[in-house]
Amino acid sequence: MTKLPLFAPLFVAVLVALVSLTAAEIKSLTISSDTRPMILFEKFGFTHTGHVTIRVSSVSVTSKQTPQLCVLESRYITPLFDFRSLSPPPKSTFNQSYPVSAPNEYSLFFANCAPDTTVSMDVHTEVYNLDPDGSRDYLSAGLTHLPSLFFVFSLAYLVFLGVWIYLCYTHKLSVHRIHILMAGLLLTKALNLICAAEDKHYVKVTGTAHGWDVLFYIFQFLRVVLLFTVIVLIGTGWSFEAILARKGKEGVDDCDPSSGFGQLGFRRDRSLRETSKTDGKAARNLAKLTLFRQFYIVVIGYLYFTRIVVFALKTIAAYKYQWVSNAAEETASLVFYMVMFYMFRPVERNEYLILDDEEEEAAEMALRDEEFEL
């Protein structure tokens with residue numbers, strides 16, 4: 001057994017080509033008897049004012065043999081310090097800050113090039129950029145605009161909520177339970193964005209979230225649950241219950257309630273098209289089903305955009321423009337909400353929510369005829 005060999009592990013900054021969304025923070029961790037050859041501490045996008053601060057203490061190394069191959073031999077590695085720079089035992093500490101002269105995205109690693117070597121230590125890292133006024137910005141260069149971005153979108157949703165409440169107030173007779181649930185969805189989305197803005201702001205200023213991340217995840221969960229609840233309830237015709245009898249829901253009977261709106265009644269659609277030329281009631285029901293299919297297409301388009309296009313933007317965007325994927329996702333979400341709320345707004349003649357007197361009479365007559373035939 002040897003202590004602190006000449007081939008001791010180094011802390012290195014690795015330049016990476018792939019860009020991923022990260023939220024940098026001040027981090028402290030304890031490593032105990034670890035044998036991993038590489039330990040990632042942080043990935044961060046630096047400007048020309050970037051700095052890295054590393055403080056190491058309580059270091060203990062136990063090695064059995066000399067290394068063979070080492071990642072430190074790569075030309076893409078920038079060594080910061082090795083264990084020979086530690087203070088003498090028993091303290092074995094190190095505390096140093098390094099300026100970053102070449103702006104780019106780097107990863108801070110601990111590299112252990114001695115096989116079967118266990119390392120124990122307490123590590124505290126800080127990665128940040130300096131603003132023009134000299135203050136520290138603990139968000140990566142591509143994420144520093146996120147607090148403002150999330151706050152602006154939260155204001156947009158609050159305005160949206162105010163407009164929705166106004167519409168519901170001015171069309172009281174057309175308001176149903178689904179509209180109240182949709183208002184709750186807007187409120188939850190706005191609160192989710194406010195928490196996200198505060199989370200990123202505190203990370204930007206102090207390096208830690210101060211509990212805002214917990215609130216963010218709570219409202220994120222509530223928002224997702226409410227969103228899919230609203231979509232499924234609209235698709236299964238729940239919003240009809242205030243104005244239709246249970247047997248009169250012909251506009252949505254083509255949906256399987258167990259799967260939401262996922263399966264459309266194309267056979268009924270074709271039948272309605274064939275009879276719509278002579279039957280006004282069938283034509284109106286066809287219009288309802290057409291609107292529902294349009295809503296289905298909007299939902300699928302939104303899901304594909306936020307899962308595929310946004311992911312592509314995160315992958316291909318340069319590290320300085322990581323915020324673009326967030327802006328695209330929030331813009332798509334806002335547009336989707338506006339389209340959905342417009343299609344099912346509380347108005348007197350919404351063809352999806354309203355069945356006129358003629359249709360009600362025709363439905364009642366059809367039901368009586370069916371009962372008579374039985």
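Positions of Cβ are set from backbone N, Cα and C atoms, glycine also.
Note: TrEMBL annotation is automatic and uncurated.
Sequence annotations record features per position, and here TrEMBL assigns signal peptide to 1-24.
The feature domain 'CAND6/7 N-terminal' is assigned by TrEMBL to 63-129. Note on the domain 'CAND6/7 N-terminal' (63-129): its mean pLDDT in the predicted model is 83.
Residues annotated as domain 'GOST seven transmembrane' in TrEMBL: 147-240. With helix defined as DSSP H, G or I and strand as E or B, the domain 'GOST seven transmembrane' (147-240) counts 84 helix, 0 strand, 10 coil.
Residues 175, 179-180, 182-183, 186-187, 189-191, 193-194, 196-197, 200, 323, 326-327, 330, 334, 337-338, 341, 345-346 of the same chain lie 6 or more positions beyond the ends of the transmembrane segment (149-169) yet place their CB under 8 Å from a CB of it. Sequence annotations record features per position, and here TrEMBL assigns transmembrane segment to 149-169 (among others).
Annotation comment: TrEMBL describes 176-194 (among others) as transmembrane segment.
The transmembrane segment annotation in TrEMBL covers 214-240 (among others).
For 295-317 (among others), the entry in TrEMBL reads transmembrane segment.
Look at the domain 'CAND6/7 N-terminal' (63-129): DSSP puts its residues at 6 helix, 33 strand, 28 coil.
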